[in-house]
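Visitor: My questions will all concern the structure given below.
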Amino acid sequence: MNLIPTVIEQTNRGERAYDIYSRLLKDRIIMLGSAIDDNVANSIVSQLLFLEAEDPEKDISIYINSPGGSITAGMAIYDTMQFIKPKVSTICIGMAASMGAFLLAAGEKGKRYALPNSEVMIHQPLGGAQGQATEIEIAAKRILLLRDKLNKVLAERTGQPLEVIERDTDRDNFKSADEALEYGLIDKVLTRNTEDQK
């Protein structure tokens, strides 16, 4: 059962009920709290575009607790984060794994955060293929190209040499918040909610 909390806000015109995600969106906060598929990506991209149209000068925050998911869906979010004018800060709560970790690192440099007990996991893309040999070969070439593309972006976002990223993403590589900071995936481990993260 998916229960979405409702909050009541008092205004001079009376009370107004919001689902919690709509209320957070008013404060320019987007929640990425699930696996990343096309539906999730479309929702996140729509929220980013809406917030840019509302105020292109004001930062946006994305809170991430995600096991990862589809590369193409994640890249749609990544490209939109880079495309829009507002700076996008990212905050890891719980776990940012796979494409979730990639999006965490994709936040505005200096505005990528993690809570102290959160974890980050990076690895190479997962995929599979079936069918005729030529179809399997096409799929294998594509996943290798995607791996190279993701590794290059991670190297640029973290400041790590490409060879280090290639080695470290060869298998599941879990990092604590402090290790993610040292590696360059984030810029600060948050212990208190402060206005400087927005």
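Placed from the backbone N, Cα and C atoms, the Cβ positions cover glycine too.
Look at Swiss-Prot and you will find S98 tagged as active site, nucleophile. What Swiss-Prot lists as active site is H123.
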Visitor: Please report how many Å separate the Cα atom of S98 (active site, nucleophile) from that of the residue listed as 'active site', as a whole number.
Guide: 6
Visitor: For S98 (active site, nucleophile), list the number of other Cβ atoms lying within 10 Å of its Cβ atom.
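Guide: Neighbour count, Cβ to Cβ under the 10 Å cut-off: 27.
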Visitor: I'd like the number of other C-beta atoms within 10 A of the C-beta of H123 (active site), please.
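Guide: Result for H123 (active site): 18 other Cβ atoms within 10 Å.
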